[in-house]
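Single-structure report; data block below.
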Ligand SMILES: NC(=O)c1ccc[n+]([C@@H]2O[C@H](COP(=O)([O-])OP(=O)(O)OC[C@H]3O[C@@H](n4cnc5c(N)ncnc54)[C@H](OP(=O)(O)O)[C@@H]3O)[C@@H](O)[C@H]2O)c1
């Protein structure tokens, strides 16, 4: 019998998740169909009950519901519990299980380029929902984190959480500094650049060894990434993170390995159509 999956959020019309997952089902001959649904913040409870009642086998969750959905689910995986956010739900024996693949998806997306995490230095710009998941996952890999956020209290709090769990993290001012000289991985997790606006400060003086990632993928190259490239750094946009968080959601739902190449191609085509 055909299984049903979905992504819920608001806005949702530009989501590439249906392209990626349906291409995966087709590649492996999985009898399933993935849709996108716009769900307003004040209708989340009804939407979750509706998906459950309609027999959906699982769904992804995006803005603005990643935190609000926690209270509506039966159990959480350790990843969801730690991140305080859910991006994937699976129905298992009638129970709604909340999971989070954003942080581990990011880790997988940089694994090859970074060539090892242990003891390397990561600087994180932003401490919002995505930043938090990424920071926790990188700390778990043994990276030394330095977190910068416009609202400093949020960076301090995130650094404290990581320290409490035995990880290495400090917080600093949302500004250029000595950190530029020896950073191995710089991750831009704020929403600056979504509307092609310039980043508020320059990366002048950054180590040419650094891998610079902007988790935004539309536009494909933010002004932040363009500057990093001009300064001689390797760069990566957010499409690989989207791909690997999707692949991990797939693996959570079906077990086995997701068809990465087909999903990557579908994302590329989907994005080209929308840009
Ligand atoms: N590639 C992927 O798979 C993926 C997955 C998730 C998210 N994303 C992208 O990640 C970005 C952030 O998403 P989110 O869910 O983390 O959002 P969020 O929870 O709302 O956090 C937004 C972050 O951006 C900062 N920020 C916003 N405007 C700023 C400005 N003008 N100056 C300085 N800092 C600013 C906020 O700082 P304050 O704390 O000071 O407000 C906060 O750190 C979005 O662009 C989203 O599209 C990509």
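Each Cβ is built from the backbone N, Cα and C atoms, and glycine gets one as well.
Taken from TrEMBL, the feature domain 'Shikimate dehydrogenase substrate binding N-terminal' covers 7-89. When averaged over the domain 'Shikimate dehydrogenase substrate binding N-terminal' (7-89), pLDDT in the model lands at 97.
Around the Cβ of residue 66 (active site, proton acceptor), the same chain contributes 85, 86, 87, 129, each under 8 angstroms and 6 or more positions distant in sequence. For the recorded site, residue 66 (active site, proton acceptor), the DSSP three-state label reads coil. What TrEMBL records for 66 is active site, proton acceptor.
Annotation comment: TrEMBL describes 110-165 as domain 'Quinate/shikimate 5-dehydrogenase/glutamyl-tRNA reductase'.
DSSP classifies residue 238 (NADP(+) binding site) as coil under the three-state reduction. Per TrEMBL, the feature NADP(+) binding site maps to 126, 127, 128, 129, 130, 149, 150, 151, 152, 153, 154, 215, 238.
Under the heading domain 'SDH C-terminal', TrEMBL lists 238-268. Using a Cβ-Cβ cut-off under 8 Å and counting only residues 6 or more beyond its ends in the same chain, the domain 'SDH C-terminal' (238-268) has close neighbours at 5, 16-17, 19-24, 26-28, 30, 57-58, 60, 87-88, 90, 99, 101-102, 104-106, 108-110, 213-217, 220.
A Cβ distance below 6 Å to any atom of ligand 1 is met, among the recorded positions 66, 150, 152, 154, by 150, 154.
All protein chains shown were included, and the count of other CB atoms within 10 Å of the CB of residue 150 (NADP(+) binding site) stands at 15. Secondary structure by DSSP for the domain 'Shikimate dehydrogenase substrate binding N-terminal' (7-89): 36 helix, 18 strand, 29 coil. Remark: residue 154 (NADP(+) binding site) has 127, 128 as non-local neighbours, by Cβ distance under 8 Å and separation of at least 6 in sequence.
The highest number of surrounding Cβ atoms within 10 Å, among the binding-site residues 126, 128, 152, is found at 126.
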